[in-house]
Amino acid sequence: MVAGYSSSAGAEAPLIISPSQLHRSLKDKKKVTILDTTWFMPNAPRKAREEFQKRRIPGAQFLDLDELASSHELGLKHMMPSGPQFSAACEEYGIEPSTHVVLYDNHGIFSSPRALFMFRSLGHLNSSVLNGGLPHWDAQSFTVDNSPPTPPSQKSRYTLPEPDRNAVRNYEQMVANSALDPSTSVEAELVLDARSAGRFSGNDPEPRPGLSSGHIPNSFSLPFTSFLKTETGPQGSTYTIFREPSDIRQELIAAVGASHAERIINGESTAVTTCGSGMTAGVVWLGLKLLNVPKLSLYDESWTGYAMRPASRIEKA
């Protein structure tokens with residue numbers, strides 16, 4: 001155990017829970033902190049904090065993933081926070097190491113897995129994603145709070161648990177790994193890119209103006225949407241939830257081949273998830289966690305950080 005960290009973050013919670021499970025926990029007055037971690041693309045017309053102020057699960061607080069983040073030399077957003085940043089935020093939310101933290105978003109499944117990656121990587125294992133988020137909660141006819149939000153009434157003391165020091169990959173590690181062909185090198189980590197196939201191939205542009213599309217050499221295309229299915233709520237609006245683990249497994253096989261998939265699932269190779277900015281890489285990360293994949297990391301800078309550097313090798317098609 002490293003000095004300055006506690007050895008436990010309480011019990012390990014399920015990776016995902018259903019609206020009925022969350023409702024039961026609240027009804028039984030269990031110690032649960034609910035965080036709305038909704039995030040929209042910068043050019044989107046919707047504003048996450050404004051939506052939280054108008055509609056949320058009762059008792060929820062808002063976590064801004066762009067604010068709870070480390071600064072970056074390239075100006076990248078929502079990078080992993082430092083331990084002290086994370087601890088201070090938990091104290092503001094009234095979270096203790098034993099608190100069950102439930103994370104949700106307004107898409108269904110989009111940004112909440114990234115938030116779960118943050119909590120789990122920093123040692124808070126008693127954390128879960130609400131499958132389907134607020135839309136699924138609403139579709140189950142559970143109460144939605146429309147009143148003005150109130151800040152938490154009680155702060156807490158939070159000692160950071162032991163973090164997972166293998167959770168995050170940096171640029172230098174990705175460059176070194178990109179020189180290894182996973183079909184011939186047993187040391188190669190298998191890089192799974194959650195962006196669309198068109199952006200991966202270089203046929204479609206990146207949302208960020210002036211940024212090249214394409215992919216890291218020796219990486220695989222695995223769009224995050226392949227792990228999700230779309231549901232329709234009572235009012236006709238759609239939202240996403242995770243597919244069954246058997247379906248996720250088949251999508252992994254389709255993306256990397258049976259041999260590579262077996263290596264990932266058996267823990268013979270580390271899988272590294274990446275995307276445009278580090279957000280939807282969390283969806284693929286969580287999908288693989290649902291398969292009990294033992295060796296998983298996430299490239300925090302993702303494609304934006306990689307492609308912004310002039311020295312980076314970019315492959316297309």
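Glycine residues also receive a Cβ, built from the backbone N, Cα and C atoms like all the rest.
What TrEMBL says about this one:
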DOMAIN    28-146  domain 'Rhodanese'
REGION    141-162  region 'Disordered'
COMPBIAS  141-157  compositional bias 'Polar residues'
DOMAIN    185-315  domain 'Rhodanese'
REGION    197-216  region 'Disordered'
(message) Summarise the region 'Disordered' (141-162) as counts of helix, strand and coil residues per DSSP.
(response) 0 helix, 2 strand, 20 coil
(message) Per DSSP, what is the helix/strand/coil residue tally across the region 'Disordered' (197-216)?
(response) 5 helix, 1 strand, 14 coil
(request) Kindly report the helix/strand/coil residue split of the domain 'Rhodanese' (185-315) according to DSSP, in that order. (result) 47 helix, 27 strand, 57 coil
